[in-house]
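Undergrad: Quick one: structure below, then a few questions.
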Amino acid sequence: MIDKHGRNIDYLRISVTDRCNLRCIYCMPKMKGYIQENNKISCSDIFKLLRAAVSVGINKVRYTGGEPLLNEEISKIIYETSKLPQINDIAITTNGILLPQMAKDLKKAGLKRVNISLDTLKSDTFTKITNFNQITKVIDGIDTCLKLNLKPVKINTVLIKGINDLEVNDFVNLSREMPVEIRFIELMPIGEGAKIYEKGRVNIKELLMSRSDLIPIESLQNSTANMYKIKGGKGRIGYITPISCKFCSTCNKIRLTSMGTIKPCLHSNQEIDLKPYLNNEDVLVEKLKTIIFNKTFQHHINEENISRSKKMMYQIGG
């Protein structure tokens, strides 16, 4: 569906849980309660929303969390999604820890692509960022997805000054050896990330452009990443800068939180609760049409005195 700014909104990100098995320093506090089960949307609620979403032009779906693989019904959710003929792309964003034992079943259910969060290639730094020593499982998860041909396998790497910013070359070299897409992501001042943003933010473009061997390549339509490759490399490298160089004019997505609210913009405090409309498909469709048509043109997160999202990243499903 086309919004009032002329953008085709065809991409829905769905958070299926706010739970996670890591505690990344920019995302989730070490000690944190979760949404009560009776306040979450159920599997059947997700399907109701999906049916309404495809009727207004949604054709791409990504499942997020929290950690989406902690939702015991994730395979069922993906399978039911795959039965909708209008949906041509089903993906997940995961920390990868559970992929070694789950990836095969997820692909069988209909999963097409995987984004894996990995901020470091060093075990001690992984523990410092995530508060858990699980890097081996994540690496195994990447290998499993490559063997299953869940491609392109994208690795999301949030750069934090003084912690992992000196690993840029290590990740670039990884793209030389493996058929993966490395995507360096700007630290965002949301939730826990806001506490370390001023000291932790990195000029990703400047770091990458210090290399003379990067060859620019054309990005896909509506892609949020600026893409490059190395001559002879098996993979690709890119960077995503939603704060310093926002790409709102080509944004094509809306988000559904695990509480059943729609966020037209990740960085806005605006949320619309869809739970009251779940049992009336006609009303639900009309509500979605209104939300999409009125989607804000751009975020203002780097400006003062604006209405920022007050939720943590894991609650939003960023």
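Heads up, residue numbers simply count up from 1 along the chain you see.
From the backbone N, Cα and C atoms, a Cβ is placed for every residue, glycine too.
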Undergrad: According to Swiss-Prot, ARG13, ARG62, LYS154, LYS253, ILE254, ARG255 bind GTP; which one of THR93, THR94, THR120 is annotated to that same site?
TA: THR93
Undergrad: Across all chains shown, how many C-beta atoms besides its own are within 10 angstroms of the C-beta of LYS253 (GTP binding site)?
TA: 20
Undergrad: If you draw a 10 Å sphere on the Cβ of ILE254 (GTP binding site), how many other Cβ atoms land inside?
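TA: Cβ-Cβ neighbours of ILE254 (GTP binding site) within 10 Å number 24.
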Undergrad: Work out the three-state DSSP category of TYR26 (S-adenosyl-L-methionine binding site).
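TA: Reduced to three states, the DSSP call for TYR26 (S-adenosyl-L-methionine binding site) is coil.
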Undergrad: Out of the binding-site residues listed (ARG62, GLY66, CYS248, LYS253, CYS265), which are within 10 Å of CYS27 ([4Fe-4S] cluster 1 binding site), Cα to Cα?
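TA: Taking ARG62, GLY66, CYS248, LYS253, CYS265 one by one, the ones whose Cα falls within 10 Å of CYS27 ([4Fe-4S] cluster 1 binding site) are GLY66.
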Undergrad: How does the model score the domain 'Radical SAM core' (4-218) in terms of mean pLDDT?
TA: 95
Undergrad: Name the one residue among CYS20, CYS24, LYS154, CYS251 whose Cα is closest in three-dimensional space to that of MET188 (S-adenosyl-L-methionine binding site); these are the binding-site residues.
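TA: For MET188 (S-adenosyl-L-methionine binding site), the spatially nearest of the binding-site residues is CYS24.
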